[in-house]
Amino acid sequence: MRLLVRFLAITAALLGIFCLSLFLGRYSVNFQELLSSGLASEILFNIRLPRILAAALLGMALAAAGAALQSAFKNPLVEPSLLGVSQGSAFGAALAILFFVNSPVVIEASSTAFGLLALLIAYLLSSSLKYGGKILRLVLAGIAVSAIFSGGVGIIKTMADPLNQLPALTFWLLGGLSGAGWGDLLYMLPLALCGIVALLLLRWRINLLTLRDDVTFSLGTDPGKLRALVVIFAVLAVAAVTSVAGVIAWVGLIVPHIARKIFGADNSRIIPASLILGAGLMIAFDTVARTLTAGEIPLGVVTSLCGAPVFLLLLSRGGES
Amino acid sequence: MKASKAKTAGISVVAVALILALALFVLFFTGQNNPPLFGGPVSVVDALGRTVEINLPVNRVIITGKSAFPVTSVAYMFPEAASVLYGLDQRTASVPLFRLVDPNIEAKTVSDDIGAGSDSPNVEELAKLKPDVVLFKTSVKLQVAESLEALGIKAVYVDLENLDSYRRDVKLMGRIFGNEAKANSILSYYEEKYGYVLAKTSSLPQSQRPRTLLLFYSTKGGTISFNAPGAGWLQTSMIDAAGGYPLSKELGGTGWNTVSFEQIAAWNPEIIFLVTYSQNPTPSQVRDNILSDPMWRNLAAVKEGRVYAVPDDAHLIAIGSWDAPNSRWILGQLWMAKKIQPGLFADLDLVKEVKQFYMEIYGLSAAQADEILQQITGDL
């Protein structure tokens, strides 16, 4: 019963943030204006609404993937970028910006493909490492793959045309939803939704991964296969949203921690709670990014600025609940 | 008799004093400041305040590194540049204006390995080309110049970001090319045209200055973005001088700031200037899209049809747009003035001015100037 109340509370908070965000912006819109001015309704429905929905989807994908990966790797510090996925996606997008200018579809496809490729390399690499347990090996391989791809991004940055390509690249690497419209939302929806729904369906079984592997096995589940499945769906969701929004850090890390504070350690509750909290938090961050100053602040900058202190706060109060 | 003797003596004293003063005057103004007639060392102070000793005449000058283009565009105003400039990159060599000024430009291009466009050009590649002097924009790192000097190659920095730095840097380049008379005539042209615009606009009150926004439209990075220049950028001060109110001056600092459509709508500009620095899409294509887009039609500038593509005379390869700090910003200044304050500048014949600029400043023939005029894109 108390859990239901808490779920209702965070859902109400999400709806509140959604409505507030819809009426916040550089161009002030009120109800009378909405009825009388074509521009006001254009801005509300074709600029703000798709962008808020995109932010919600971005937050959901990152938070759900973060929660699932943290359980799958029994490590509270895991987030999508740890397995090289974010840097791989960034490399893919940078490559496309450099060679296939003006084609959003190519940029987003290349980003998704390289995100998955990074994970594949990390996975294959981990099996040949001779150090630590399975999980540590995968994390180590992920760090190495991340470093290689971020080196690649560095090379592309030096090759980019400083007047034309570099600003676009830099803004993309800092992450953001400026200019995200209905088209971008529709583009990332299928893959992201596929990943999110799969994680939601797997939420009961993800709990098994937090047990020792031999215990999981004795309960009739192959932990290796289950872990692989969870990781693939998490990456799918992250790669899809990263291809549009760029590299957004911290949200995938802190939201599951907040969810655990409110709902305890059970993944069957943490995954849905992370979806709601992730959506709300990302809408709030993006609203700050687009309203605070006349020029857009990159969303990745806002999430890092706000995310890191929140993370420290969560850790410093770790023992209480 | 005595009186007339005294008078003669007085006259001769005055005459001697005059001659002495004249001699001192000539000595003062032609002394060590001027390059020696038959070559020799001359010391110049560059845009970073460094004193550099240069042996005249210079035989081989390279202009490269990040933002080299404005420097090249000023260098080619000097007739000497065509014979001493070397090591240009492919993109610079493709600019129609330069190809007319320097017909051999193709033979002087080198690969981009020397670091065209980089803030730290490759010192060894540069040394291989054996230049006497390398000219850098201030955006190139100082370490590069120091390494070059260690190899006996002189490096000189110029800035050229506004009229003040033009005054200093054009003179500096005049001394390096050994043609200070040309430097003075270039500067007096810029002063005259800028002064002509300012004289008409500087006293305009805020209420008579149309709200003007220059937008850099970019489709790079997968999404469309609009970027506006910050308060410290040339484009902002050009709009101000042209008699407009530069809306994006509330954005701090220099450089491009990404702005949302919402912000543009909140500003509701009366005039929009468009640049893309790209052939795909061109500023003219973006102007057409904006004028026919239902979302934009509510803006004052679109309602009144005052959306203009900024002219460009170098095939839109990001280095010939008239809003950027290359030599043609002065043409951009005249063009903006005419678009923002058509009433005040009704007598300004832009085509005539533009032609005169290419002929007087770059020494083109009337036919050559017409050739460039034909190639200009945008809403001249």
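Indices start at 1 and increase along the chain as displayed.
Here the Cβ of each residue, glycine as well, is placed from N, Cα and C on the backbone.
Database features (TrEMBL):
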| type | residues | note |
| --- | --- | --- |
| TRANSMEM | A:7-29 | transmembrane segment |
| TRANSMEM | A:49-69 | transmembrane segment |
| TRANSMEM | A:81-101 | transmembrane segment |
| TRANSMEM | A:107-126 | transmembrane segment |
| TRANSMEM | A:138-156 | transmembrane segment |
| TRANSMEM | A:187-206 | transmembrane segment |
| TRANSMEM | A:226-255 | transmembrane segment |
| TRANSMEM | A:267-285 | transmembrane segment |
| TRANSMEM | A:297-315 | transmembrane segment |
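Here the transmembrane segment (A:107-126) has long-range neighbours at 83-93, 95-97, 100, 134, 137-138, 140-142, 144-146, 149, 187-188, 191, 228, 231-232, 235-236, 238-240, 242-244, meaning same-chain residues at least 6 beyond its ends whose C-beta is under 8 angstroms from one of its own. Across A:49-69, A:81-101, A:226-255, the stretch most heavily in contact with the transmembrane segment (A:187-206), judged by Cβ pairs under 8 Å, is A:226-255.
With a threshold of 8 Å between CB atoms, the same-chain residues lying at least 6 positions outside the transmembrane segment (A:7-29) that come near it are 39-40, 43-44, 48-49, 52, 56, 262, 272-273, 276-277, 279-280, 283-284, 286-287, 290-291, 294.
The transmembrane segment (A:226-255) and the transmembrane segment (A:267-285) are in contact, since at least 3 Cβ pairs between them lie under 8 Å (pairs 6 or more apart in sequence).
Fewer than three CB pairs closer than 8 A are found between the transmembrane segment (A:138-156) and the transmembrane segment (A:267-285), and contact between the two stretches is not assigned (pairs 6 or more residues apart).
For the transmembrane segment (A:49-69), the partner stretch with the most Cβ pairs below 8 Å, chosen from A:81-101, A:267-285, A:297-315, is A:267-285. Under 8 Å from some Cβ of the transmembrane segment (A:297-315) lie the Cβ atoms of residues 171, 173-177, 245-251, 253-254, 257-258, 261, 282, 285-286, 288-290, all in the same chain and six or more residues away from its ends.
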